[in-house]
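Feature list (source: Swiss-Prot):
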ACT_SITE  C52  active site, cysteine sulfenic acid (-SOH) intermediate
COMPBIAS  189-199  compositional bias 'Polar residues'
DOMAIN    6-165  domain 'Thioredoxin'
REGION    179-199  region 'Disordered'
Amino acid sequence: MSCGDAKLNHPAPHFNEVALMPNGTFKKVDLASYRGKWVVLFFYPLDFTFVCPTEICQFSDRVKEFNDVDCEVIACSMDSEFSHLAWTNVERKKGGLGTMNIPILADKTKSIMKAYGVLKEEDGVAYRGLFIIDPQQNLRQITINDLPVGRNVDETLRLVKAFQFVEKHGEVCPANWKPGSKTMKADPNGSQDYFSSMN
């Protein structure tokens, strides 16, 4: 599967762009500096909208769960860093972001969203793309939602843990796998242990 320059099991498109950081400062965020860690990169259409703050706040509030498994979370839209900052100064009960624990990239030229294949050309905004990048900076997962539907933080965290399990143990994760549940060997004989125990 590919989206723009983003292809599964290929290097994630590089970026080095200014972001609003959790401490309220502006700083360039270079994907290369995250080598050795897992990364969740998610795009959203616009600041000061409706579904977007529900997603961003969920990822921000739960970022420690990602950090605990050596994963960083980065948000991105086409808005400026100043717009991001203004949005964090609006309280959540009024649709703002409040305090953030994750960086928010300011993709003003739309180069990142083009590279990742999430630009909705007719509106000039990003679809709700989400990408999981492994420590070698290869893309392991790509999902893109149309604008009206938000994403599931639990499922994103589950996927990160599943890919990590596969990397560490060499077995594959069946449907609805969660840490601690059964996995299987990816061969005709080894997989029978799983199937016989589940059916």
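Cβ from N, Cα, C; glycine included.
The average pLDDT computed for the domain 'Thioredoxin' (6-165) is 98. Secondary structure of the compositional bias 'Polar residues' (189-199), assigned with DSSP and counted as helix (H, G, I), strand (E, B) and coil, comes to 9 helix, 0 strand, 2 coil.
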